[in-house]
Structure formats: structure tokens, C-alpha cells
Amino acid sequence: MAETIRIIGIDPGLRRTGWGVIDFSGNRLQFVAAGTLTSDARCDLASRLCQLYKGLTDILHQFMPQEAAVEHVFVNKDATATLKLGQARAIALLAPAQANLPVFEYAPNKVKKSVIGVGHGDKEQIHMMVKVLLPRAEFDSSDAADALALALCHSTHRIGASYHARIMA
């Protein structure tokens, strides 16, 4: 019988950070939980980052994942927005790393290709395939659905990723 691995996917954002937890065993996938963390826009940046960090650490303690998958940041024309996203992403990398989880990063196109078969699909296609692959999945936002897609992507790439990590060590 295959070992069950619990994976958390994290879709970082300063306003909304999606998270999704799945169990993966052999070729079996099971939805565990998903949700969205929000930070209070009335607070300063440091306080908002603390809110996200506390929320993520609480989720990590509650669901006890063994591996984490985080979306790789993209750069857009708005430098300020890109910087804020990068800071939220740092929290998404830090929280599981401090919990001693291996953290893997995936570009949005790789996630889409893993979940829907093409690298340039839209949000609706991703949400539909998340529901197909995880029929019991419930998510409160597109950020949570994207986080589940990250966890699914990692479940398909984890053997190669862990092998690559051992080679690089």
C-alpha cells in the first residue's frame, strides 16, 4: 500500500492568500480542506504580512501537511503590486519552511498544464478540473481553487522534484 502524503498548496497574495490541502497516496487523491486568508487593508504592510503569517502557521498546525507547493511569482507592469505580491510570497515560503516542510515552487503555466493539460487555460477550466479530480472539494474563492491546483500539480511532480532535490543536495 502506498504511503499517504499530505500536501498544502499556497497561492500567495497580500489581499487574499488561497490555501488547499490534499492527501495523495499512489494514484488516489483526497480533498482535505481549503480556504482563503485575508489581510486587513486598513493596516500597514508589516501588520498585514503578520496576519498572513499567523494564518498560515495556524493552518499548518491544524492540518499537518508534509510538503508545500507555492506559486512562483510573476512580474507585471505595476512594480508596486509585484513587490507586494513578492512580500506575500515570502510569507508563503517562510511559514512552511519554518515548520520544516520541503517547499516546492511552480510557475502558473506548469500548474495549468498539470491540471488541465494546457499551459494557458483560464480560471474556469482550472476550477472545473479541480472539482473533477477532487469531487468533494469545497472552496470559497478562486484563490483557494488555485491553491488546490498547486497541490494537485505537486502530487504529479513530487517524485521527480524530490529526486531532483536529492541530486542537488
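Cβ atoms are placed via backbone N, Cα and C, with glycine included.
Lifted from Swiss-Prot, the feature list:
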BINDING   Asp11, Asp143  Mg(2+) 1 binding site
ACT_SITE  Asp11  active site
BINDING   Glu71  Mg(2+) 2 binding site
ACT_SITE  Glu71  active site
ACT_SITE  Asp143  active site
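Rounded to a whole number, the C-alpha distance linking Asp143 (Mg(2+) 1 binding site) with Glu71 (Mg(2+) 2 binding site) is 11 angstrom. Taking the Cβ of Asp11 (Mg(2+) 1 binding site) as centre and 10 Å as the limit, one finds 28 other Cβ atoms among all the protein chains shown.
Between the C-alpha atoms of the residue listed as 'Mg(2+) 2 binding site' and Asp11 (Mg(2+) 1 binding site), the distance comes to 6 Å. Secondary structure from DSSP puts Asp11 (Mg(2+) 1 binding site) in a beta strand. According to DSSP, Asp143 (Mg(2+) 1 binding site) is assigned to a helical segment.
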